[in-house]
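According to TrEMBL, the feature domain 'ABC transmembrane type-1' maps to A:57-270. TrEMBL lists A:61-82, A:94-114, A:144-167, A:198-217, A:229-245, A:252-273 with the feature transmembrane segment.
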Amino acid sequence: MLFALPVLLVFLVFSWGPIVKGLVMSVQQTNLVDPVKWVGLDNFHYVLTDPGVGQAALNTLWFTLLALLFGFPVPVLLAMFLSELRGRSWLYTTLAYLPVITPPVVAILLWRFFYDPSPSGMFNTILGTVGLGPYPWLDSPSSAMPSIVLEATWAGAGNAVIIYLAALTSVRADLYEAAELDGAGVVRRVWHVMLPHLRGVLLLMLLLQVIGTMQLFTEPLLFTGGGPQNSTMTILLLIYNYAFVNGDYGAATALSVLLAIALAVLSAVFQLATRGWSTE
Amino acid sequence: MSQERGALSDADRKLPRVRVPFVIGQVLVLIGLLIAGLGPMLWLFKAAISPTQDSIRSPLGWFPSGQVQWQNLATAWQQGHIGYYLGNTAYIAAGTAIVSLIVCTTAGYTLSVLRPRWGSVLSALILATLFVPHIVSLVPLYLTVLKLPLVHANLTNTFWAVWLPPAASAFNVLIVKRFFDGIPREYFEAARIDGAGSIRVFTSLVLPLSRPILGVVVLLSIISSWKDYLWPLLVLTNPDLQPVSVALPKIAKVTELNIQLAGLFLALLIPVLLFLVFQRAFLRGVGLSGGIKA
């Protein structure tokens, strides 16, 4: 019992407690000064009729879609390639992991400088040498979100590469040998042995990436503060504004609960839809 | 036992129509990774010791004015107080690692070795938190720290506010428990027969045997606390206590560009050095996280 004390205390106060409290607070009105008032579904009503929420939801989905489009295939292909390198792959994995180790604040401040919209900005200079640009990057409502996606993909890809590599090292060599003896070429070995082996991890990483990208916060806060014209206002940034700018904790928790429910439904549907594929 | 091999066999690797594209691919991927992985860091180093005008006018230049300003780093360290904020960050990271270590080792020991009757319930409750998105508890967690239940203490602007919450990590508990599960049961029986109590078994048998996994936990918690921004921003409003991640955006607003970039470089240096030195443990930890999630 003595040994279970730290974990019980820490989880009770900082994990289970807040989760329950979050659910309760979403049906309360509280500003830390006046006594707590039970308001039923008022918070949810308020949140769902706030036009900003629809916009933020669309922005968040747009980010998720873009992030999957760019961020999902790159690490898979890279890991598949690196797994064939044998001894020398440490140099590649080290390089791929360096952006992951970069503190997000450092990365964002640095990239904000790279995204300088003037013709002498870093990226505009590079693209200018091949006759492209200058682009406004973060300064235009249409290109601000893709710019954030680009940085987020750079920052996150290394982690996924390592996870896929770990999964690939467990492919048994005799499977490849058997395939080879049966006359399967390299392409068919990749397609019929390597990819099926990754299927479980791939599906899971897809889900985790969607869940992760739906909780985008630091990048829009530090890159654009949600602008220009709210084009990078995400759900999480809105929750932050509700709670810590407006002091409306009820609305903030209601929106959090809605997001959590959306994510839970998404995972459940995803699990059901892919149940047939994930087992070999 | 099967030896290490991938989709390509040794025979394949000797075929020119496989080898040539494979080698070209290796070179291209290496160049791409050098640009993406090392490029920003090297550029930041160059910019940190250049005059501001160089970085603004010709960001791609190699010291066109031939002027190396090493003093930028010193200015950022002292006048920008980067050194001071890095100290805070290190203190926060060390505390987080220690608290996490205490929680996950004792929890792992309870669940894996002592195995009380309610162990499976505790296990399930801890595991369940993995499936709840963090966002649900952000605001209530903040309010919890503002006014701790029962004792009514306010933890904001104390380091406990950043040390304690990350210790409630189901992932850490799980990887440590799994490692403990792998220790042969006979060891514990032998120790008990020799008269060792459960505390003795914990401190002189389990902990020394599990050094590799404890290293992984320490590294991962140091790095994640080093990278954290939102939480310290919320609970450490006193500038004297803030870590470098919270301080940098504020410094960026009031400081000249070259000093600002020098500050970024200094903030980047330590995590990168930690990573390069303890690379194996890192990559193992990340691989483990994939295994747990799968």
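Cβ coordinates come from backbone N, Cα and C, glycine included.
The model shown is predicted, which means the values in this text are computed figures rather than measured ones.
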Apart from its near flanks, which chain residues at least 6 from the ends of the transmembrane segment (A:94-114) lie with a Cβ under 8 angstroms of it?
78, 82, 121-123, 138, 151, 154-159, 161-162, 218-219, 222-223
Across A:61-82, A:198-217, A:229-245, A:252-273, the most C-beta pairs under 8 Å with the transmembrane segment (A:144-167) come from A:61-82
Within the same chain, the residues 6 or more beyond the ends of the transmembrane segment (A:198-217) and with Cβ under 8 Å of it are 60, 63-64, 67-68, 71-72, 76, 80, 148, 152, 156, 160, 163-164, 167-168, 234-237, 240, 259, 262-263, 266-267, 270-271, 274, 277-280
